[in-house]
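First the structure, in the form of structure tokens, and then the observations on it.
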Amino acid sequence: MHELSITQSIVEAIVERMGGTRISAVRLEIGKLSGVLVDSVRFCFDLVAEGTTVQGARLVIDEPAGGARCRDCTEEFDVEDPIVLCPACGSADAEVLSGRELRIKSVEVSSACAPPAGAPTTPEYG
């Protein structure tokens with residue numbers, strides 16, 4: 001389950017970048033072709049954020065659809081799964097243009113900027 005390590009990296013990056021600032025919301029962008037299971041990230045987020053300044057933050061995940069361009073006929077089309085076939089000519093020679101995103105889009109700072117009592121400024125994992 002690589003989603004656990006991905007989620008740990010996301011929380012670590014936020015904590016490191018934001019220092020001791022309390023975070024109230026995190027918005028991620030995880031493309032439908034990224035290979036990352038969004039439900040697993042949601043499940044792992046609260047566990048990984050526990051005891052950090054991200055603890056209790058609302059998690060919002062945008063899931064952009066995949067898009068591709070056929071290298072044979074230049075048709076651009078939407079892609080829902082990793083098997084990319086051009087709907088116009090049937091070619092499998094396509095360039096994926098979008099849908100592989102995995103990024104932190106934004107973080108929202110809590111109006112009460114103090115970290116929770118006893119919270120470390122960096123995540124600690126058992």
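Each Cβ is built from the backbone N, Cα and C atoms, and glycine gets one as well.
Features of the protein shown, as given by TrEMBL:
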type	residues	note
BINDING	H2	Ni(2+) binding site
BINDING	C70, C73, C86, C89	Zn(2+) binding site
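In sequence order, R71, D72, T74, E75, P87, A88, G90, S91, D93, A94 are the residues of the same chain, not among C70, C73, C86, C89, whose CB sits within 8 A of the CB centroid for the Zn(2+) site. For the pair H2 (Ni(2+) binding site) and C86 (Zn(2+) binding site), the Cα-Cα distance reads 30 Å. In sequence order, C86, A88, C89, S91 are the residues near C73 (Zn(2+) binding site), counting only same-chain partners six or more apart with C-beta under 8 A. Neighbour density for H2 (Ni(2+) binding site): within 10 A of its CB lie 10 other CB atoms from the protein chains shown. For C70 (Zn(2+) binding site), the same-chain residues that are 6 or more apart in sequence and have a Cβ closer than 8 Å to its Cβ are E76, F77, C86, A88, C89, S91, D93, A94.
Cβ neighbour count within 10 Å across all protein chains ranks C86 highest among the binding-site residues C86, C89.
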